[in-house]
Amino acid sequence: MPKRTDLETILIIGAGPIVIGQACEFDYSGAQACKALRDEGYRVVLVNSNPATIMTDPNMADAVYIEPINWQTVEKIIAKEKPDALLPTMGGQTALNCALDLADHGVLEKYNVELIGAKREAIRMAEDRELFRVAMGEIGLDCPTAAVAHTLEEALEIQTRVGYPTIIRPSFTLGGSGGGIAYNREELIEIVGRGLELSPTTEVLVEESVLGWKEFEMEVVRDTADNCIIVCAIENLDPMGVHTGDSITVAPAQTLTDKEYQRLRDASIAVLRKIGVDTGGSNVQFGISPTTGRVVVIEMNPRVSRSSALASKATGFPIAKVAAKLAVGYTLDELKNEITGGLTPASFEPSIDYVVTKIPRFAFEKFPQADARLTTQMKSVGEVMAMGRTFSESLQKALRGLETGKIGLDPTGLDLSSEDDIATLKRELKAPGPERLFYVADAFRAGMTVADVYALSFIDPWFLDQIEEIVSHEQQLADDGMAALDAPRLRMLKRAGFSDARMAQLIGSNEESVRTLRRALKVRPVYKRVDSCAAEFATSTAYLYSTYEDECEALPTDRDKIMILGGGPNRIGQGIEFDYCCVHAALALRDDGFETIMVNCNPETVSTDYDTSDRLYFEPLTLEDVLEIVELEKPKGVIVQYGGQTPLKLARALEANGVPVIGTSPDSIDLAEDRERFQQLVDKLGLKQPPNRIARNAEEALVLAREIGYPLVVRPSYVLGGRAMEIVYGESDLARYVRDAVKVSNDSPVLLDRFLDNAVEVDVDIIADKDGNVLIGGVMEHIEEAGVHSGDSSCSLPPYSLSPQTQAELRRQVVMLAEGLNVVGLMNTQFAVQVNEAGDDIVYLLEVNPRASRTVPFVSKAIGMPLAKIAARCMAGKTLAEQGATKEIVPDYYSVKEAIFPFAKFQGVDPILGPEMRSTGEVMGVGRSFSAAFARAQEAGGIKAPPLGKAFVSVRDPDKQRVLPVAQALVERGFTLVATRGTGAWLQQNGLSCEIVNKVAEGRPHIVDSIKNGEIVYIVNTTEGRAAISDSFSIRREALQHRVTYSTTVAGAKALVQSLEFRGTGPVWSLQELHKELEA
C-alpha cells in the first residue's frame, strides 16, 4: 500500500554518544531515515545528544534537538512539537529503551503518539530474554537451554541444570554489557552480580554453553504485506562465545550447504513473524553445532543494528532508508532499488559476486589493565571492511585497512622453535584475543595441521584452509625471492590479497621496488562496482572496490575532481568527528560543482554511504591503494586534513609521488609536528611554550628533566589521542617510564614538557583562506585543568571564566600562528592559561594541529556555522569573504561538551583522567548560563545527580585550598561531609564539620566498605603521582561499579556541584531556534 497520509510529523530518537557496542552505524541509519522521510514530505523531528553526528545537522530534520535521551526530556519535546508518530528503530538500544520508557510512563498515550516500525510488544518480546525463549518454543525453534534469574540464588540453582561453562546475558543492556562466561562458581557469582546491577530490569539469562559452535546472522527486511527478503547472510569466522561485534565476519556465508541456508532463511522469517516486527529491518543470530548440526536461535534485534549497517555496505541495499519508508506504509515492491537506477524493485533479494570481510578494531593498548580475552561482552571500538573476489583477497585487504601496523598476516614475533612459545601459541588459539588470526597463521608456520588448529580454535576448517594457503604462498615467495616474480605470479599473489609492502618484506626488498616492478609488468588493479545484483543489471552508482582481474568498471569522467581521504576504522582518539568533517567536505564541494571522490574502509559511517559523494572507493587507506586510485581518477586535489592521523601520515609520501595535496602543505603539517622546527617558529613569533626538551636516549632524559624541573609530561613524538603519555612527578617515575613505557631512540625520541599545574586549558578552532584571512570558529574553555587530554575534558563555548583580555590575547596568537604556518583550511590550537604570582594570566602554547580537530562538529553546532564546509571551500580556492564568513559568532547561550567513557566495559581499569585519551564519544548540553548548560550535558552523559547524603572528599595537598568552596557548597546544599584524615583535618580547621574515615591501607572499616554499603552518594578524589593513584584506585573502581557519581578533578567537582539546581529544569530548544537567535 502507498504511504500513510494520516501522519504529518514523525519523531526519530538517535543513539546518543558513541560507546562500545553502539557507534557511528546509527548516525548512518538515522541520517538515512531523516532523508527518506523528508523526501516523502513528512515533517521530521530528531532528538540526539551527540553533536558529532551528521543527523544532528540543522538541515537534516525540520527540528533538531541536541538534548539528553531520557523519557523526561523527550516528553518535553513531544509536548512542544506534537508528533503523530515515533520511529524508535534507528537509534540502537538507546532509542528502543527510551521508547519503552515513554510507553510505560503513559507519555505516548497522553499525547496520542503512535509507535511505528516496531510495536511495544515486539520490542518487549525480542528484548526480554524469557519472553523470547517462550516465543521460539511456540514456533518450534530451538534455543540454548536457559532460564531467567532475578537473584544470585536463582542463578546458582539454574546453573546446576545447564552445567559449566555457563553463559550469562543481562536483559536490555547494550553490546552484552555485564555478561560473560563463567567456568566455575566464583566467576558465576561475580558475573551474575555485575549483570543484575547493570540490567535495568535486574534480570539475567543463565544459559547452556554453545561455545565453539558456528555462528550466523541473517539480515531480514519485512513489510506490511508480509513480503520478506534476506538482504544478506553473514558468517562469523570466530565461533560462538565471541560477541558478534568482536568477531571477524564474512558475507556472504561461506560454509553453509544450500539446505542449511534455506533452513536458516525460513527460520529467520518465522522469527520476525512471531515477534511481530511488522516492518523494517531486523537481524537474527543462529548457532549451528559443527558435530550434530543442531540449530539454535541465539537472539534477534527488532531494529537496524551494527550488522545491518555492514549488510547495507556489503550489498549496496540501504536497509535503514528502506526500513524508514516501510514504517510509513510502503511495501517492498513499491520501492525502487536506487543502485540499479530503479531497474529493480526493493523486493529483489540482493546477490553479490564478491566476498566481504569485516575485522573489528580494538583499543586494548589504551587499557593495559583490561582483560583482552574476547567473550560475550563486546570490547571492540571500531571495524574495517574490505571487498575482494576471493576470501583471501578481502581478508588481507581488511588486515591492512585496520591500521594496527600490520601489512598482511604478519608473524606474531613468537619463536616457533621454542617449546614455551608454542605453548603460548596454543593458549592464544584456544582463548580468543584480538590477535588470534595472526596466531592461526603462526600455527601453520610452525607446522601444525588444519585439524590441530581446529581442535584448539573451532574456527571452521574451510577458513583455516584459506589461511594455510596464504602462509604457503608466503613461504614459497620468501624461498624464491624477487627474481621469481614474473607477471603471472605477481597477478596470482595480488589476487590472494598480498600488499606490495608484504611481498617486499618477504623477499627482503622495499615497497617502492615491488611497486616499480609490478607497474613495469603491467600488473594493475581494476575496479568493480557494487551493484546488488551480481552484474545482472547495469548500475549508474559509482560504488567501487579493487581487484586483480581483466575488466575495469570504474569508467572515470573528465570533470574537475576533489578526492577526500577518510579516517579508516574508529578507534579511541579518532572517531566519528573526523568522518563528520569528511562528509561535510564532500557535500560542500559537490555543491560547488566538483566531482567528489571518497576513499574509506569503515562500514559504519555516513562517508561510506554511496550517495554522500559522487564516487566511493571502499579501499584500505594505504599508500599503495590510494596511489592506484589517484592514477586512475587524476583528481585536481586531494584532501588529507579531514580524516585524522590516518591520511596525514600519507601526506608526505603522496606529495613525493606527485599527488596534488590541497589545503595546508605537507611541509607545514610537518613543521607543526616536528618539535625542533616548531620551536623556531614559536620563538620567531615571540610566543611562550612550557619549558621542554627532546631526549634521544634514557640517560639523556633524566639529565634534561633536571633542567626543566618536575612535574613533567612525557610522551613519544607523533601520536594521536595521547598514546603512551604520562605525567611524572619525580626521577624514579621517569626512569620507569623510559624503561617500560617506550623504546627511546634517535628515530623515536621522547618529548619532555614542564607540566603546568592548575592551569586552565583552552582550545581554539579557526579557518584560514589562501589570502591569509582568518575566521575564528570558537574559543572553548576546558573544565578539567590542563593535564587531562583535551579529548577527555569537558569544555564550554563561550569560555565561562576567562577574562575578555585573555580571550583577546588568545585570538591574537592564533592568527599569528595561522599566518606563520601558511594554513589553508582548518587549524586547532591548544593553550594553557596560568595565573602568575602577580595575579596576571600567562598564556602558554601547548600544541597546534593544522587539520580538522575533534571539536569541529561541536563548534559548528554551537555557533551555527558549518566550519568543515567553509574550510573545504577555502582549500578548493575560495576566500572567506566570497563565502560571507568573515566574523566570529559568539552566542549568548552556553554550549558544553562532555566526554563519554567505556570504563564500565573494562573490569580492572582505573577511571582516573590523565593525558592519554580514553573517551569513545561525546554529548552536548545547551543552557542560558554555564551551570545550566553543564547540568544538561551531565544529564545527557548519563551522569546522575547525587541524591542528598554523605559526600566523600579526599584531595592531594595542592588542591586543599581549592576544594574548600566545593565542600562549602556541598554543605549549603544539605550534604554531610566524610573525608580521609589529611583532608578532614583541613576542612575542620576551616570550620567545616566532617566525619573521618580510613583510607584502604589504614585498616577497616574503610572508605571502600562505605561505598559498598551504599553509604556514599558523591565522591571528590584527586591524586598525584603513581603510588597515590594506585592507592586510591579501589575507591574510583568501586564508585563505578556501584554507580556513585565521582569527580577526579577539583574543577570538575566545582562545576558539577554548582549545576545541581539546574538538573531537569528549563525548556528545550531546537538548533533551528538557537541559530535563529544568532542571526538577529
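Cβ coordinates come from backbone N, Cα and C, glycine included.
Now, the feature entries from Swiss-Prot:
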REGION    1-403  region 'Carboxyphosphate synthetic domain'
BINDING   ARG129, ARG169, GLY175, GLY176, GLU208, VAL210, GLU215, GLY241, VAL242, HIS243, GLN285, GLU299  ATP 1 binding site
DOMAIN    133-328  domain 'ATP-grasp 1'
BINDING   GLN285, GLU299  Mg(2+) 1 binding site
BINDING   GLN285, GLU299  Mn(2+) 1 binding site
BINDING   GLU299, ASN301  Mg(2+) 2 binding site
BINDING   GLU299, ASN301  Mn(2+) 2 binding site
REGION    404-554  region 'Oligomerization domain'
REGION    555-942  region 'Carbamoyl phosphate synthetic domain'
DOMAIN    679-876  domain 'ATP-grasp 2'
BINDING   ARG715, ARG754, LEU756, GLU761, GLY787, VAL788, HIS789, SER790, GLN830, GLU847  ATP 2 binding site
BINDING   GLN830, GLU847  Mn(2+) 3 binding site
BINDING   GLN830, GLU847  Mg(2+) 3 binding site
BINDING   GLU847, ASN849  Mn(2+) 4 binding site
BINDING   GLU847, ASN849  Mg(2+) 4 binding site
DOMAIN    943-1080  domain 'MGS-like'
REGION    943-1080  region 'Allosteric domain'
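Using Cα positions, the member of the binding-site residues ASN301, ARG715, LEU756, GLY787 nearest to VAL242 (ATP 1 binding site) is identified as ASN301. In this structure, the binding-site residues under consideration are GLU208, GLU215, GLU299, GLU847, and the one with the smallest number of other Cβ atoms within 10 Å of its Cβ is GLU847. On a Cα basis, ASN849 (Mn(2+) 4 binding site) lies 14 Å away from HIS789 (ATP 2 binding site).
Each of the binding-site residues ARG129, ARG715, HIS789 was scored by the number of other CB atoms within 10 Å of its CB, and the largest score is that of ARG129. Mapped onto DSSP classes, the domain 'MGS-like' (943-1080) shows 70 helix, 23 strand, 45 coil. Spacing of ARG129 (ATP 1 binding site) relative to ASN301 (Mg(2+) 2 binding site) is 12 Å (Cα to Cα, whole number). Same-chain residues at least 6 positions away in sequence with a Cβ under 8 Å from that of ASN849 (Mn(2+) 4 binding site) are, in sequence order, ALA672, MET827, ASN828, THR829. Residue pairs drawn from ARG715, ARG754, LEU756, GLU761, GLY787, VAL788, HIS789, SER790, GLN830, GLU847, the listed ATP 2 binders, are separated by up to 18 Å at the Cα level. Annotated pair GLU208 (ATP 1 binding site) and GLU299 (Mg(2+) 1 binding site), C-alpha to C-alpha distance, rounded: 14 Å. The sparsest Cβ neighbourhood within 10 Å, among the listed binding-site residues (VAL242, LEU756), is found at LEU756. Fewest Cβ neighbours within 10 Å among the binding-site residues ASN301, GLN830: that distinction goes to GLN830.
Look at GLU299 (Mg(2+) 1 binding site): DSSP puts it in a strand. Counting Cβ atoms from all protein chains shown, GLN285 (ATP 1 binding site) has 20 others lying within 10 Å of its own Cβ.
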